[in-house]
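Shown next, in structure tokens, is the structure this report addresses.
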Amino acid sequence: MGSCLSKEDAPASAQVSNKVQRTSKLDNPSSSSNEKDANDIAQNNKPLNGNNQQIIQQQQQQLSDTQQARKQSIVPSESSNGTSTAVNSVLLLGSGESGKSTILQQLKILHSNGFSDQELFDFKPFIFGNIILSAKDLVEAYKKFDIKLETDDQVDETDFEFISSATAPVDPHKSFDKRLALKIIALWKNQSTAELIKNHRQDFYLMDSAKYFFENLDRISQEDYLPTVTDVLRTRKKTSGIFDLKFELNGLKIHIYDVGGQRSERKKWIYCFDNVTSIIFCVALSEYDQTLLEEKTQNRLEESLTLFDSVVNSRWFSRCSIVLFLNKIDVFVEKLPYSPLENYFPDYSGGNDANKAAKYILWRFTRVNRSGLPIYPYITQATDTNNIKLVFVVVRESILSNILHDTGLL
């Protein structure tokens, strides 16, 4: 099979589809005059309409229709048992906390027998750590903005030090401290916390899954607690090094690599470049109002744009197709009303309309595609197994299409 590596030093920009070429010259799609072109960028998915559930459901139906209509359109080389003989390498890229590892976990659930009870059990320290870290971040926000707790007989400001000094057990056989759990639950339910998040959510870091874990902490703090698959999918576990997964998708053999998204991890990507067929690039839509943990002045979405620019225009990837996952649509829709996109990107003018906001972000990414690589964008919610299952039907097609294009058959 063809490699993603170019045999020339200069980027190859020939034989690019007309649709993709058009996307690099669009004006800001938050302007109504560019609505049709913005839809063209989205590959006719029309994924952005209404709340996040409608967005996901609409795209799932379109992907399902695509699967039926194109099921027989691309056929790889097969062995006598009907399985593709080649292993297709896919690189999973994106900045930190974009959802890459969650997507890899979803693929493990869908195509590699899922998680054993022991694997679920071993996630306990990471889940406990996520909860305690999030509680500490809340306490720090209270102090930073000088917010006073509403009178509560379950928790008061004298408990802040108790929460701030807490540590997560590293032994999965240990349970979550019950007193600590009660204090965190009370802190989360306190009316002042709701006001803090409403007025200052964009001004401090709180991991996306904090709400989920706080609301499930009573269950999680039970002595016989065994993490559920959903708990695992919600867990933030920093990727250090390279993780991979081999699986088959409708007869196509895929070997997918996930590498750390933090700046310190990106230098390791070079070891994954050889023989890559496609790239899946993950972007967290919800990161538009956040800054890097490594550099507090750098906007996360701008960082993702810079990283995407370096990937899509790299000579090493001049024979790849790019699947662009615009991830965390649920968090994005939830935060738009109280954290306007135009506060961080002044050239955006679409208000808190999730449709226009997501199209604007997509436009920003397609605009840096100077090499003219084919880009397949999809709205995703990595914690939704069904959404990822259907999206990967189309990912499979993009891999097959790239193989045929690379061999001159398409």
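A Cβ is built for glycine as well, from the same backbone N, Cα and C atoms used for every other residue.
These figures come from a predicted structure and were not determined experimentally.
Per TrEMBL, region 'Disordered' is recorded for 1-84.
Residues or ranges marked as compositional bias 'Polar residues' by TrEMBL: 14-33 (among others).
Annotated compositional bias 'Polar residues' per TrEMBL: 41-52 (among others), in sequence order.
Residues annotated as compositional bias 'Low complexity' in TrEMBL: 53-62.
The compositional bias 'Polar residues' annotation in TrEMBL covers 63-84 (among others).
Residues or ranges marked as GTP binding site in TrEMBL: 97-102, 208-209, 233-239, 258-262, 327-330, Ala382. Neighbour count (other Cβ atoms within 10 Å of the Cβ, all protein chains): 14 for Lys237 (GTP binding site). Under the DSSP three-state reduction, Lys237 (GTP binding site) is assigned to coil, being neither helix nor strand.
Within 10 Å of the C-beta of Ser101 (GTP binding site) there are 24 other C-beta atoms, taking all protein chains into account. For Ser101, Thr239, the entry in TrEMBL reads Mg(2+) binding site.
Of all the Cβ atoms in the protein chains shown, 23 others lie within 10 Å of the Cβ of Val259 (GTP binding site).
Taking Cβ-Cβ distances under 8 Å and a sequence separation of 6 or more, the neighbours of Leu233 (GTP binding site) in its chain are Thr102, Gln105, Gln106, Ala382, Thr383, Thr385. Of all the binding-site residues listed (Thr239, Asn327), Thr239 has the fewest other CB atoms within 10 A of its CB. Residue environment of Ala382 (GTP binding site) contains 25 other Cβ atoms, counted within 10 Å of its Cβ in all protein chains. The two recorded residues, Asn327 (GTP binding site) and Thr239 (Mg(2+) binding site), show a Cα separation of 18 Å. Across the structure, Ser101 (GTP binding site) and Thr239 (Mg(2+) binding site) place their CA atoms 7 angstrom apart. In this view, Glu97 (GTP binding site) is surrounded by 26 other Cβ atoms within 10 Å of its Cβ, with every protein chain counted.
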